[in-house]
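Structure record follows, encoded as structure tokens.
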Amino acid sequence: VAYLIIFHILFVLFVWTYWKSIFTLPVQPGKKYHMSYADQERYENEERPEVQRQILAEMARKLPVYTRTGNGGIRFCDRCLLIKPDRCHHCSVCAICVLKMDHHCPWVNNFFFFSNYKFFLLFLAYSLLYFFFFAATVFKYFIKYWTGELTNGRSKFHVLFLLFFFFMFFVSLMFLFGYHCWLFFFYRSTLEAFSAPVFQNGPDKNGFNLGFVKNLQQVFGEEKKLWLLPIAS
């Protein structure tokens, strides 16, 4: 009975977090970050790069943006025609700008960003528990075959295959989860780990680090009772 209860709880959490990770709708920058029609005409009709940069700088003065491009310019998406908010990136696969984009995952055909990063971390954590639970239960029968308590030769290969399968998934997810825990500790995204964000005073890989507790609240919210539940918080 206890086995079935644990199995069903882990299965529901596994499926729920997977569903939320995939089907959470993307959050795009608000209208104030988009170019007006007049600014768009000015920008596109202007051939001098320095004047184009000046137009973007004028637009950015009214916006709370603090990160810059590598050469110190305003971060601008010429496909979505908007000033990029801090930590916003254009997803080339989905062809939209996404708030606090972490990365696009080809395995689930979706990106992980501001609104579903909590679900992604919970999905990795519950997947680890799920596969560990299966590996632990199968390992008991593997030991019995090894010590000769069970002698069915056909099922021996089945048990060996299952143990190998769950163990490989567990190890793979453990490395991925560990990497994202490391990123989370410093409050970096995958993109920022490869390329440090550039501020007005230069690049700073820890520019968004608020300390562990506040980093936790940035992703999981301030309601501690909701941290481990796959619901928006």
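Cβ coordinates are placed from backbone N, Cα and C, and glycine is handled just like the others.
Lifted from TrEMBL, the feature list:
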- 6-27: transmembrane segment (TRANSMEM)
- 74-188: domain 'Palmitoyltransferase DHHC' (DOMAIN)
- 119-139: transmembrane segment (TRANSMEM)
- 159-185: transmembrane segment (TRANSMEM)
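Within its own chain, the transmembrane segment (119-139) has Cβ neighbours under 8 Å at 3, 6-7, 10-11, 13-14, 17-18, 20-21, 24, 102, 112, 159, 162-163, 166-167, 169-170, 173-174, 176-177, 180, 184, 219, 228, 230, counting only residues six or more beyond its boundaries.
With a threshold of 8 Å between CB atoms, the same-chain residues lying at least 6 positions outside the transmembrane segment (6-27) that come near it are 94, 96, 98-99, 108-116, 119-120, 122-123, 126-127, 129-130, 133, 230. Per-residue pLDDT, averaged over the domain 'Palmitoyltransferase DHHC' (74-188), rounds to 87. Each residue of the domain 'Palmitoyltransferase DHHC' (74-188) gets a DSSP state, and the totals for helix, strand and coil are 65 helix, 17 strand, 33 coil.
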